[in-house]
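A.B. asks: As listed in Swiss-Prot for this protein:
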- 169: active site, nucleophile (ACT_SITE)
- 97, 104: CoA binding site (BINDING)
């Protein structure tokens with residue numbers, strides 16, 4: 001198979017990935033593959049472009065390194081072209097409502113007839129099967145969080161709150177990436193394709209288990225946090241200093257002992273409630289939990305962030321300033337690692353945003369292209385799989401494909 005024109009780089013060079021999906025979850029999986037060197041083809045509707053394009057800046061990040069194919073994959077010759085593309089594809093990712101592809105005649109079995117080794121990742125809110133009440137429902141970030149038990153754990157004591165920005169979308173997209181790579185590893189051993197059913201709510205159910213396991217195995221449900229503080233442990237979470245906010249984790253025998261001396265609670269060490277060797281202070285079970293919070297709040301409020309960071313470094317207490325977005329660019333760690341970078345958009349503008357992550361030492365990722373326009377690579381992709389100029393024009397004339405104007 002000849003690949004589309006692009007530089008060769010990263011650990012996934014030579015891999016062909018195709019995805020069909022809008023907004024964030026499914027495309028995020030595709031983006032990860034593209035930044036790690038895979039050739040990634042982004043399928044868009046012919047009549048309506050991906051709704052993410054209405055955003056002014058985010059798409060330049062989320063759709064960089066992609067090849068844009070505008071094709072009606074469910075109808076007539078458009079469907080034929082899609083299935084021909086699948087013959088040269090390693091991984092196909094689709095994000096839709098339940099078994100939408102199967103309902104429209106593109107089942108796993110149809111895809112495997114064209115490519116027995118194909119890895120297929122289905123990403124939806126509620127999965128490919130289950131009850132009709134849920135399976136075919138649309139789902140976004142907040143829906144998946146609400147249905148999974150994740151949302152109810154977040155927020156404040158007075159009201160639950162979803163985690164933003166769009167946590168369920170990113171977790172689900174990354175799950176699709178890792179699951180597809182796991183499946184591909186097995187396919188290369190067996191020669192038999194795989195189909196993966198990724199339900200966004202199940203992803204969030206798995207991510208939200210730290211506290212829920214206590215309910216499933218004893219009936220105890222953890223309360224929500226208070227003003228950003230850990231719901232279980234004193235000295236953990238968000239705190240206010242004289243000039244801003246920090247997060248800290250008061251964990252460890254010596255850390256607690258030394259911190260208690262600073263905040264005036266050394267006399268509690270070695271008591272039945274806080275015996276020698278205590279590594280965590282339970283804010284509910286320990287009767288002194290509220291007092292620890294009161295004293296710690298007062299001490300932190302009387303010191304600047306710089307003073308707190310210096311003292312906590314001496315005590316080996318983990319803490320960090322809550323950075324504002326403008327502070328990111330000038331932070332020395334960001335600068336040293338080039339965590340924020342710049343690249344050129346297709347129309348020649350400079351775009352700034354997050355760099356490739358993670359950092360591969362021997363086969364690093366690369367930003368080689370900005371977001372392509374709607375249908376920009378349709379002709380090149382169709383030619384790559386054997387279509388002539390006349391074939392492509394016929395698809396366009398029938399409204400089954402769109403090429404760049």
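Just so it is clear, glycine is given a Cβ too, placed from its N, Cα and C backbone atoms.
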A.B. asks: Quick one: pull the CA-CA distance for residue 104 (CoA binding site) versus residue 169 (active site, nucleophile), whole Å only.
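C.D. replies: Each residue's Cα considered, residue 104 (CoA binding site) and residue 169 (active site, nucleophile) end up 24 Å apart.
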A.B. asks: Using all protein chains in view, find how many other C-beta atoms are within 10 Å of the C-beta of residue 104 (CoA binding site).
C.D. replies: 13
A.B. asks: Looking only at 97, 169, which of these recorded positions has the biggest number of Cβ atoms within 10 Å around its Cβ?
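C.D. replies: Checking each of 97, 169, the winner is 169.
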A.B. asks: If one measures from the C-alpha of residue 97 (CoA binding site) to the C-alpha of residue 169 (active site, nucleophile), what distance in angstrom results, rounded to a whole number?
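C.D. replies: Approximately 14 Å lies between the Cα of residue 97 (CoA binding site) and that of residue 169 (active site, nucleophile).
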A.B. asks: What does DSSP assign residue 97 (CoA binding site), in three states?
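C.D. replies: Where residue 97 (CoA binding site) sits, the three-state DSSP reduction gives coil.
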A.B. asks: What three-state secondary structure does DSSP assign to residue 169 (active site, nucleophile)?
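C.D. replies: For residue 169 (active site, nucleophile) - judged by DSSP and reduced to three states - the answer is helix.
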